[in-house]
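To keep things clear, I will list the structure first and then write my remarks on it.
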Amino acid sequence: MEASGGGGDDRVRNLRDEVEGVKNIMTQNVERILARGENLDHLRNKTEDLEATSEHFKTTSQKVARKFWWKNVKMIVLICVIVFIIILFIVLFATGAIPT
């Protein structure tokens, strides 16, 4: 009788060890899931920050592009006016409207 009772104790001990092992594995899995959730939250926050930064960069770059476009337009107009004045003087000298 004691031999069979001793085997039962081993079986119960083995089952408890297995249950403890499964419990440890489940605890690790829950910790990993929580860490993953925290990592996802951190990643989402970084993504939102990056999105806001990219919007700011987009508007700033558009303003800079517009500023340089106007600067180029002003330079082209200035060059055209200078060329027109030079051509006007050449024509006026050639026609004799301005005495030499």
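Glycine residues also receive a Cβ, built from the backbone N, Cα and C atoms like all the rest.
Feature list (source: Swiss-Prot):
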DOMAIN    11-71  domain 'v-SNARE coiled-coil homology'
MOD_RES   S4  phosphoserine
MOD_RES   T27  phosphothreonine
MOD_RES   T47  phosphothreonine
MOD_RES   T53  phosphothreonine
MOD_RES   S54  phosphoserine
SITE      R32  site 'Interaction with STX8'
TOPO_DOM  1-74  topological domain 'Cytoplasmic'
TOPO_DOM  96-100  topological domain 'Vesicular'
TRANSMEM  75-95  transmembrane segment
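What Swiss-Prot annotates, mapped onto the structure for a quick look.
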residue	record	DSSP (3 states)
T27	phosphothreonine	helix
R32	site 'Interaction with STX8'	helix
T47	phosphothreonine	helix
T53	phosphothreonine	helix
Confidence summary (mean pLDDT) of the domain 'v-SNARE coiled-coil homology' (11-71): 96
Long-range Cβ neighbours of the transmembrane segment (75-95) (under 8 Å; 6 or more residues past either end): none
T27 (phosphothreonine) versus modified residues T47, T53, S54 - nearest by Cα: T47
Spatial neighbours of the topological domain 'Vesicular' (96-100) far in sequence, C-beta under 8 Å, 6+ residues away: 89
Rounded distance in angstrom between the Cα atoms of T47 (phosphothreonine) and T53 (phosphothreonine): 10
Pairwise Cα distance for T53 (phosphothreonine)/R32 (site 'Interaction with STX8') [Å, integer]: 31
Cα separation, S54 (phosphoserine) to R32 (site 'Interaction with STX8') (Å, whole number): 32
For T27 (phosphothreonine), the number of other Cβ atoms found within 10 Å of its own Cβ: 10
